[in-house]
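Everything below concerns the one structure shown next.
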Amino acid sequence: MTRDELKQKRIGVLMGGLSAERDVSLKSGMAVHQALLAMGYDSTALDVRHNVALILREEKIDLAFIALHGRYGEDGCIQGLLELMQIPYTGSGVLASALAMHKLYSKQAFAAAGLTITPYATVRQGDRCNAEQLPFGLPVVVKPVQEGSSVGVTIVKKPEDLQAALDEAFRYDTLVLVEKYIKGQEVQVGILANQPIGAIEIVPKNEFYDFEAKYSDGMAEHIFPARLAEPLYQKVQQQGLQAHQALGCDGYCRVDFLVTENGDCYLLEVNTLPGMTALSLLPEIAQKGAGLSFEALVEQIACSAALKTGQAG
């Protein structure tokens, strides 16, 4: 879609939602909405919780810019509704969104594509699990299968702390992933227009890049480009693109890795709707890696909006 064509559209920026990441989504959505208004586009901010279809009809939305995070926004649900309503939207389609949001199924897809993933086990709510039952030793990372922004994530170093970590993760999901803890650089690759645009390194003040570090100013150092030898820098970008393709993603995403001292790149996850706040990583990668201002990034994503039925994503 050209800029002139986009000018003719009434854009609904979908934000808020019902997930544990609601507050972050509101920040992302308002940043996108303000950028669209500043460029002269017909944008309306929509806090979608219930009656989404009714809101979209009443507002006469021609195009949806999805700034939702977490359940119902990032997992294929809203994408399916928009497909049914024949409203073009930004980002990946139903299947790719659902796969990326589900950490177990996405890991299986990554492994099938030959990408390196962290060793893992799963635990269902109601099952008892102790450290001796795990196929690898402590420390481990415990996380809900379907949450983002590190919600419900705990690093467990002592056997007696495992059950509390599982209980915390079970607050958000009935299936929990237990991953072997891998020490390495936290590196995140930006994908835009289905191509890698750079890799940034995160050095959190906390033990890992948790919710506080992601959304509180000064809680993490961002280093661009990531401090990797050039061959390794190119390797992690290429693997980011492979992960994007393995899930059938469309347009843009952010791919998270742990890179060890010996050059192994452990793929953690693909974020199909990465944050678009002032502290978010994709806008920073786009600015430093591709020379795109925040407004230019928003415009490019909006112009890529489409229906995906019949496509891979």
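In case you wondered, yes, glycine gets a Cβ from its N, Cα and C as well.
For 107-303, the entry in Swiss-Prot reads domain 'ATP-grasp'. Taken together, the residues of the domain 'ATP-grasp' (107-303) have an average pLDDT of 92.
Residues or ranges marked as ATP binding site in Swiss-Prot (evidence: sequence analysis): 135-188. Taking Cβ-Cβ distances under 8 Å and a sequence gap of 6 or more within the same chain, the neighbours of Leu177 (ATP binding site) are Lys103, Leu104, Tyr120, Ala121, Thr122, Val142, Lys143, Pro144, Val145.
Residues or ranges marked as Mg(2+) 1 binding site in Swiss-Prot (evidence: sequence analysis): Asp256, Glu269. For the recorded site, Glu269 (Mg(2+) 1 binding site), the DSSP three-state label reads strand. On its own chain, Glu269 (Mg(2+) 1 binding site) has Ala100, Lys103, Ser106, Val255, Asp256 as residues at least 6 apart in sequence with a Cβ closer than 8 Å to its own Cβ.
Marked as Mg(2+) 2 binding site by Swiss-Prot on the basis of sequence analysis: Glu269, Asn271.
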Same-chain residues at least 6 apart in sequence whose Cβ lies under 8 Å from Gly184 (ATP binding site):
Leu258, Val259, Thr260, Glu261, Asp264, Tyr266
Reduce the DSSP letter at Gly184 (ATP binding site) to three states and note it down.
coil
Taking the Cβ of each of the binding-site residues and counting other Cβ atoms inside 10 Å, which one has the highest number: Gln163, Asn271?
Asn271
How many whole Å apart are the CA atoms of Asn271 (Mg(2+) 2 binding site) and Pro135 (ATP binding site)?
27
Three-class DSSP secondary structure - Val142 (ATP binding site):
strand
